[in-house]
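Features of the protein shown, as given by TrEMBL:
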- 70, 75, 80: oxalate binding site (BINDING)
- 73, 75, 80, 122: Mn(2+) binding site (BINDING)
- 25-176: domain 'Cupin type-1' (DOMAIN)
């Protein structure tokens, strides 16, 4: 390994690289969507494919059960292009406060693309009666992930309920309920 630390990963000495550093297989294999949200992510980033370090690219396969979702989330270090391969997906993102929190949405069918700009909260929902599949490409080898529900209600240690009561204009019973839920971690 060389001594350079790039995007949270050590840069491998180019003289020590092998073909497997640039190879990943298995994106053709559907993953189980038998979970709380009805979706599964197969990620290919610098953690699973060292050859993308410093290249500014990564991708994921997303499998969705009928009515499965990739819940509201954002990527702090990447924009995303999502392509529907199978099924029918309702997708959207919300612009920033400064841009009026505008909601942009479409229904995607196989072959359709949708762009999620850097750090915008976005989601996908399978509105079809059959499983759906999408591929997403990121302009970062390490896009990161912040799932909104997890961040707000599943923080460890928990955010003081008084902050959430005031900010979200909800009663304490609702905040306590949301904070007591078992939140998921679909991908990192």
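Glycine too: its Cβ is placed from the backbone N, Cα and C atoms.
Projection of TrEMBL feature records onto the structure.
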residue: 70; record: oxalate binding site; Cβ neighbours (10 Å): 27
residue: 73; record: Mn(2+) binding site; Cβ neighbours (10 Å): 20
residue: 75; record: oxalate binding site; Cβ neighbours (10 Å): 23
residue: 80; record: oxalate binding site; Cβ neighbours (10 Å): 23
residue: 122; record: Mn(2+) binding site; Cβ neighbours (10 Å): 23
Inter-residue C-alpha distance, residue 122 (Mn(2+) binding site) and residue 70 (oxalate binding site) (nearest angstrom): 9
Integer Cα-Cα distance in angstrom, residue 73 (Mn(2+) binding site) to residue 80 (oxalate binding site): 12
Any further residue of that chain within 8 Å (Cβ to the Cβ centroid of 70, 75, 80) of the recorded oxalate site: 60, 73, 74, 78, 82, 116, 122, 136, 138, 143, 145
Listed in sequence order, residues not in 73, 75, 80, 122 with Cβ within 8 Å of the centre of the Mn(2+) site Cβ atoms: 74, 78, 93, 116, 120, 121, 136, 143, 145
